[in-house]
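Enquirer: Here you go, one structure.
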């Protein structure tokens, strides 16, 4: 697989001849320097972008061949996303933000809010469901965003620097929560991170450098 960006008359090759597999149930970290293409790779794997060349397969499904509508349906059905910034809707409560993906799917409000409360409890914020994002700390906002990502019960969690905007102590809390939910709900998780101590705790580590991907032993990373 390759990804090329055009800048004027110049082609910028982000990566090429990239090939790897992620197995069901694995927790995989994607690491690399800033600008190495980590987030772009996650976007391609999550059917938010297309490779310039090659294919991405989800089981037998060729993601690069999906129409925009089919890709959106695939993401809604199979994937949950967490970003560095929480992207919570400020005018809605934590409970309402978490319930939103289910309401968009057409689930009734009562059922959606019942499921949202379950996930509020899972992230330790059941007593904060009536608060709006501006009334929550950064760590609490990110935990709500994680609950929103998982409320649809996706098979795969995709996280792009989920602890990047948090202080060390809060980042540890959020990463531990991701790891527990990964295990408890038998997720497959892809986590872009610059935190090598967190990457070390994943099952596998994929490193991007100079347009090339290679796999490194997690225990070889600094603790």
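Quick reminder: no glycine exception, Cβ is built from N, Cα and C everywhere.
Marked as ATP binding site by Swiss-Prot on the basis of sequence analysis: 32, 33, 34, 35, 36, 37, 38, 39. The domain 'ABC transporter' annotation in Swiss-Prot covers 1-223 and rests on sequence analysis.
Quick one: how deep are these features, and who are their neighbours?
Expert: Mapped onto three states, the DSSP output places residue 36 (ATP binding site) in coil. Neighbour density for residue 36 (ATP binding site): within 10 A of its CB lie 20 other CB atoms from the protein chains shown.
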Enquirer: Near the Cβ of residue 37 (ATP binding site), how many other Cβ atoms are there if near means within 10 Å?
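Expert: Residue 37 (ATP binding site) is surrounded by 22 other Cβ atoms within 10 Å.
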Enquirer: Among the binding-site residues listed here, 34, 39, whose Cβ has the fewest other Cβ atoms inside 10 Å?
Expert: 34
Enquirer: What mean pLDDT score does the domain 'ABC transporter' (1-223) have in the model?
Expert: 92
